[in-house]
């Protein structure tokens, strides 16, 4: 089945976004290393000297460019299509880490990257068409349904547990702690970004959504989630190899985002055969 015009726009923007974000991991990692060498206190142990490092800010600007493209992509295409395209960032960061950071990517790492990309391609090919949304209040109704509130509460409890209990004890020895915090908060930020992006898109089309408090609430959630994500992503990058952090973060973040999308937007995946079949032969799999 052909891809709609909006889905195609979202695909291109997400594709470009992943390239910028993948490169930003490497630039920020080099900035973190340089800052740690000057101050003697690494970001993973509470140091914030990297805020004075120009190279880290260059990486930050690169990431912002990627995230802006990603933000716009969510306004055009469903999250279940946009998020898996982050697989490209794994390739970019793994290749650049090999040459610029001298971090070796072993055979299992290569296999993991290939599997991630293969899964992303399958999801993109079978991405669902999104139902049109006419108001930010429609998204608010989705976000306040019982099933999503249960997911939201679970995420908050897990994040608090990871930050207060596991991070001080094993955050610097287990890569899943810092990346877990980033991924859990990331799934919430994507839902909020989707809502905010849709609200702005409708506003530019002449349907002003800025008059609704829900739009500003989603903006607040985006800012809060991104700040927490950036803090713990810096800790993860400073403590572990980029070639390890990037794939694990991608897999956890993508999986949680798809789960959140299925719960909130009730999307479904359609599996189509490679050759043309009658409409009655299409198999629909509800996630």
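Placed from the backbone N, Cα and C atoms, the Cβ positions cover glycine too.
Quick look at what TrEMBL annotates:
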type	residues	note
TRANSMEM	6-27	transmembrane segment
TRANSMEM	48-65	transmembrane segment
TRANSMEM	71-96	transmembrane segment
TRANSMEM	108-128	transmembrane segment
TRANSMEM	148-168	transmembrane segment
TRANSMEM	175-196	transmembrane segment
TRANSMEM	216-233	transmembrane segment
TRANSMEM	245-265	transmembrane segment
Checklist line | Range from 148-168, 175-196, 216-233 with the greatest count of C-beta pairs under 8 A to the transmembrane segment (71-96) | finding: 175-196
Margin query: Using Cβ atoms and a strict cutoff of less than 8 Å, what residues sit near the transmembrane segment (245-265) while being 6 or more residues removed from its termini?
Written below: 22, 25, 78-80, 83-84, 86-87, 89-90, 93-94, 97, 109, 112-113, 116, 120, 123, 130, 142-143, 145, 147-148, 151, 175-176, 179-180, 182-184, 186-188, 190-191, 233, 236-237, 287
Notebook entry, point to check: Residues of the same chain, at least six outside the transmembrane segment (148-168), with any C-beta under 8 angstroms of its C-beta?
Noted result: 142, 174, 177-178, 180-181, 184-185, 187-188, 228, 259-260, 263-264
